[in-house]
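Chemist: Pulled these features from TrEMBL for this protein:
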- 1-424: domain 'Major facilitator superfamily (MFS) profile' (DOMAIN)
- 52-72: transmembrane segment (TRANSMEM)
- 79-101: transmembrane segment (TRANSMEM)
- 107-127: transmembrane segment (TRANSMEM)
- 139-162: transmembrane segment (TRANSMEM)
- 168-191: transmembrane segment (TRANSMEM)
- 306-325: transmembrane segment (TRANSMEM)
- 331-351: transmembrane segment (TRANSMEM)
- 363-385: transmembrane segment (TRANSMEM)
- 397-420: transmembrane segment (TRANSMEM)
Amino acid sequence: FKILAISTLCCTSILSNMNVYNFTRICSNPIDPSTGNSTRMEAPFSSTQRSVLQSATAVGALLSSLPYLFAFHHYSPRLVFLSAGVISIISTSLAPLSYFFGFCPFLLSRIFQGVAISTTFQMIGLLTHDWATNTEHGIFLAFLTGSTQLSSIFTMLISGLICSSSLGWPFVFYVHALVCAIVFLLFFFIYRDHPEDHMLVTESELSLIMHDKEEKLHKRDTVPYKKLFTDLPLLVSWLSAFADLLCIQLINQYEPVYFNDYLHYNIFKSGFLSAVPILAQFSAKLLSGISSDYIKFVSPTTNVKIYNSLSLIVSGCFMIGLAFIPPSQPLLCVAAITVTVCFIGFNTAGFNKSTTLRSRQHAHFAMTQIMNIWAVTILIEPFIVQPILTDHSSESQWMAVFILHGLLVISAGMIFVFTADATPAEWTKRKSEMNLNRISTNSFASKT
């Protein structure tokens, strides 16, 4: 579990670096001596430029997805992931300097932050398959995919504290870069690519990890791309991922604005309150991941359908309910958004677990597609919300945004209920295994 802990921290740090701009954009610049006024960090940029800056990390993630997929398949995942950490550290530490040089340099730093995040879900897929026992997929996915929530909690709390102090928003970037450097240094010394290569793994632990894993982990199977992209249960899982992650982007990108501009909380309270729903979501992730591994009285497919319904259908209903709560009841708004975001956290044992169980040894590639979907949602979310939400204090506009997202996740959740399948796909079986099954079948037929 040391491997799980350090990997979770590394994923959290990379994602935190990506999220920094989403909060610091509402922080104040130093007071202008000539006017005596203070403006927001995002003030020098137009509305279009702000949307582009929010989407820039998705561009970096999509551009680097295939190169990193090749690198993970042919080189040491430990060194490949370490390279992503270095890119994230450099781009984050240089972001304040690039901001003062103008839009284009700052945009470039945002793109490089996106390059780093393209490795996170590939690492999650590899780590879950290589290090988790077959009865621990839920626990591993709970912590690893929970890095999304942990990153938001860390960024919102740190940003709220620093932005409300005399240090100013540039120090938010510096602190994030420093933390990232520390956790990746620990990762370099602790992590190993394979359990049999780690000096702290005992023979009994190795036996548990390798149980029901016929292949040698040092040799990875060729990915059956066509079969993966034409497998209906996987496509349905990816559809659920799209709807779910679009809602998550709404929370990540616009929750500070919702609390600050719509409910009129100050910067410090906005940072604290923004972290509360995300903390509830992380708790739900842990609960769903651990409990799903212990539920044995239903089939794996029924298991993932139950949790995915909680994540999408139930959260969608609460999101639509949130749309009708007026800003004159801020505490009720906070409670409703907390419950909504909390239920989204059950996705760990829903489409995430279904994807890894269905794709088995190809989980790294299947999870990479969820990362690509995530990048697409980062890219398109500002362009979905901005045309609707032209006035951050408009009750009717926030209502339209919440209803739209609520209907989307409910629809995706219903499709998952009727078509999901968490059993290992036929194309995950090796030729030797299929030949053995064929011989056994033929032998039985000849005897009868």
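Cβ coordinates come from backbone N, Cα and C, glycine included.
Heads up, TrEMBL stuff is auto-annotated, nobody curated it.
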Chemist: Do any residues, 6 or more residues outside the transmembrane segment (139-162), come within under 8 Å Cβ-to-Cβ of it, and if so which ones?
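Modeler: For the transmembrane segment (139-162), the nonlocal Cβ contacts are 4-5, 7-9, 11-16, 18-20, 22-24, 27, 120, 123-124, 127-128, 131-132, 168-169, 171-172, 175-176, 248, 251-252, 256, 267-272, 274-275, 278-279, 281-282, 285-286, 288-290, 293, 345, 347-349, 352-353, 356.
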Chemist: Output the single range from 79-101, 168-191, 306-325, 331-351, 363-385 maximising the number of Cβ pairs under 8 Å to the transmembrane segment (52-72).
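Modeler: Comparing 79-101, 168-191, 306-325, 331-351, 363-385 against the transmembrane segment (52-72), the winner is 363-385.
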Chemist: Per the definition of 3+ C-beta pairs under 8 A with sequence separation of 6 or more, do the transmembrane segment (79-101) and the transmembrane segment (168-191) touch?
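Modeler: Checked: the transmembrane segment (79-101) vs the transmembrane segment (168-191), in contact.
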Chemist: Do any residues, 6 or more residues outside the transmembrane segment (168-191), come within under 8 Å Cβ-to-Cβ of it, and if so which ones?
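Modeler: Here the qualifying positions are 2-3, 6-7, 9-10, 12-14, 16-17, 20, 23-24, 27-30, 41, 78, 81-82, 85-86, 88-89, 92-93, 95-96, 99, 155, 158-159, 162.
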Chemist: Quick one: average pLDDT across the domain 'Major facilitator superfamily (MFS) profile' (1-424), no decimals.
Modeler: 85
